[in-house]
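K.L.:
In case it's useful when we look at the structure, here is the feature table from Swiss-Prot:
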BINDING   Gly221, Ser222, Ser223, Arg224, Thr225, Gly226  NAD(+) binding site
ACT_SITE  Glu244  active site
ACT_SITE  Cys278  active site
Amino acid sequence: MTTHYIAGNWQAGQGETLQSLNPVTQAVIWQGQGADASQVDAAVQAARQAFPAWAQLSLEARIDVLEKFAAQLKVHAEAMAQCIGEETGKPLWESATEVTSMINKVAISVQSYRERTGEKSGPLADATAVLRHKPHGVVAVFGPYNFPGHLPNGHIVPALLAGNCVVFKPSELTPKVAELTVNCWIAAGLPAGVLNLVQGARETGVALAANPGIDGLFFTGSSRTGNLLHQQFAGRPDKILALEMGGNNPLVVDEVKDLDAAVYTIIQSAFISAGQRCTCARRLLVPQGAWGDALIARLVEVCKTITVGAFDEQPAPFMGSVISLQAARALLAAQVELAAKGGVKLLEMTQPQADAALLTPGIVDVTAVADRPDEEFFGPLLQVIRYADFDAAIDEANNTQYGLAAGLLSDSRARYQYFWLRSRAGIVNWNKQLTGAASSAPFGGVGASGNHRASAYYAADYCAYPVASLETASLALPATLTPGVTL
């Protein structure tokens with residue numbers, strides 16, 4: 001099976017056997033063999049050979065290819081949404097919004113490039129100061145499974161726009177989405193070698209990250225893998241490394257007037273995408289007392305009614321499946337562990353079908369747990385922590401190695417300003433779902449959540465490096481020579 005796209009040609013893999021499964025039915029969606037180290041190297045070399053010509057194209061010529069790619073996505077939007085839903089388990093309504101985000105990324109990236117990394121100049125007394133940006137060269141892009149189209153697209157589009165060439169390794173759990181995406185690039189007329197696709201799991205990823213021919217690596221995924229990459233690239237300032245990782249995100253609730261609005265926002269923050277967004281709320285901080293009791297009771301009541309189902313089920317469910325049976329089992333095990341440590345299951349997360357990766361929402365009160373794990377439970381498992389006062393809530397919110405997203409539900413602007421100032425996170429929302437983000441704003445966090453603002457407006461910053469120049473059209477002696485020099 002032709003599973004890799006290298007130097008403009010599809011070819012079969014020479015590495016480990018791979019399968020992509022529908023997480024609900026367990027039907028085989030895609031199968032092939034991963035790329036071995038020699039194929040990874042061939043992809044890097046193909047990108048290296050294509051780089052000079054691609055980088056020397058005018059910006060407008062590269063934009064033309066990107067816009068044709070967006071047009072191809074529009075043509076194939078239904079098939080792409082179907083594939084995303086089938087491979088990830090997310091409902092079709094959500095898969096369709098992901099394709100829309102992929103399409104919109106082109107215009108956003110062009111605007112960002114012009115504003116943040118375009119050419120600027122200013123006159124000096126005897127020269128012109130010019131700021132331009134140059135591409136790094138060949139960059140590797142590692143994509144995640146939760147948004148297999150949108151998130152790698154957020155690296156690839158600005159990287160190509162800046163003049164880089166790319167070797168793309170998607171998640172081994174979503175190879176078909178990657179294949180469809182690359183086919184859209186081919187149909188858009190992207191020259192051979194500019195974008196290369198290598199499918200595979202750990203073997204392929206290790207070979208790509210270690211290949212001396214790459215000038216950088218852009219990664220979106222788990223903190224565990226991101227930390228390994230960070231260690232691998234330690235002492236290599238010659239390589240650009242952009243990491244967008246996870247979070248143990250807190251959502252603090254104040255005593256707001258509209259209880260149901262708070263409940264709805266919590267659900268959208270914790271359980272959308274079956275809890276498989278890096279910005280999902282993992283910890284819900286609720287005030288002690290009668291108001292907090294009422295909020296939790298209402299939250300549990302509503303969460304019991306949340307519909308869970310297959311990606312194409314009608315009427316459409318709110319939540320689809322998690323990515324795999326393995327992921328579902330790990331989440332169920334995490335719930336058991338929290339209970340063993342003293343957590344109280346307010347709403348037990350269950351697996352309605354033993355052979356399907358469908359999970360119902362789970363809510364565990366971990367207030368009494370002394371050694372709460374600072375982990376990202378990547379699924380529909382929400383931990384509740386009761387707090388005595390607002391300062392204690394902020395302290396608990398910041399009690400994490402991560403720093404991706406934090407949110408406050410409060411009727412008080414003063415409280416929000418106080419919260420915003422003290423929060424340690426790259427995204428801080430007020431009375432909006434934690435998973436909400438603006439495409440024109442930076443996306444990313446601090447601490448163990450990453451180092452750059454990946455896949456969004458500020459992606460332009462790490463896809464090219466600034467070059468400062470002093471320029472004048474003719475060489476001439478200055479009117480006054482430096483002391484000690486005679487001509």
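Cβ coordinates are placed from backbone N, Cα and C, and glycine is handled just like the others.
A quick note: this is a predicted structure, and the numbers were derived from the prediction, not measured.
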K.L.:
Rounded to a whole number, how many Å is the Cα of Gly221 (NAD(+) binding site) away from the Cα of Cys278 (active site)?
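P.N.:
Cα to Cα, Gly221 (NAD(+) binding site) and Cys278 (active site) are separated by 9 Å.
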K.L.:
In the same chain, which residues outside the set Gly221, Ser222, Ser223, Arg224, Thr225, Gly226 have their CB within 8 A of the centroid of the CB atoms that define the NAD(+) site?
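P.N.:
Near the NAD(+) site, the remaining chain residues are Phe219, Asn227, Leu228, Leu229, Met245, Gly246.
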K.L.:
State the three-class DSSP label for Cys278 (active site), counting H, G and I as helix, E and B as strand, and everything else as coil.
P.N.:
coil
K.L.:
Just to be sure I understand: of Ser222, Arg224, Thr225, Gly226, Glu244, which recorded positions have a C-alpha no more than 10 angstroms from the C-alpha of Cys278 (active site)?
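P.N.:
Cα within 10 Å of Cys278 (active site): Ser222, Glu244.
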K.L.:
Calculate the distance in Å between the alpha carbons (Cα) of Glu244 (active site) and Arg224 (NAD(+) binding site), and round it to a whole number.
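P.N.:
With the alpha carbons as reference points, the distance is 12 Å.
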K.L.:
Within 10 Å of the Cβ of Gly226 (NAD(+) binding site), how many other Cβ atoms can be counted across all chains shown?
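P.N.:
There are 22 of them.
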K.L.:
Counting other Cβ atoms within 10 Å of each residue's Cβ, which of the recorded positions Ser222, Ser223, Arg224, Glu244, Cys278 comes out lowest?
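P.N.:
Comparing Cβ neighbours within 10 Å for the recorded positions Ser222, Ser223, Arg224, Glu244, Cys278, Arg224 has the fewest.
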K.L.:
Applying a 10 Å Cβ distance cut-off over all chains shown, what neighbour count does Thr225 (NAD(+) binding site) have?
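P.N.:
Counting Cβ neighbours of Thr225 (NAD(+) binding site) within 10 Å gives 17.
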K.L.:
Please report the three-state DSSP label of Ser222 (NAD(+) binding site).
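P.N.:
Ser222 (NAD(+) binding site) sits in coil per DSSP, no helix or strand.
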K.L.:
Gly221 (NAD(+) binding site) has how many other Cβ neighbours within 10 Å of its own Cβ?
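P.N.:
A count of 21.
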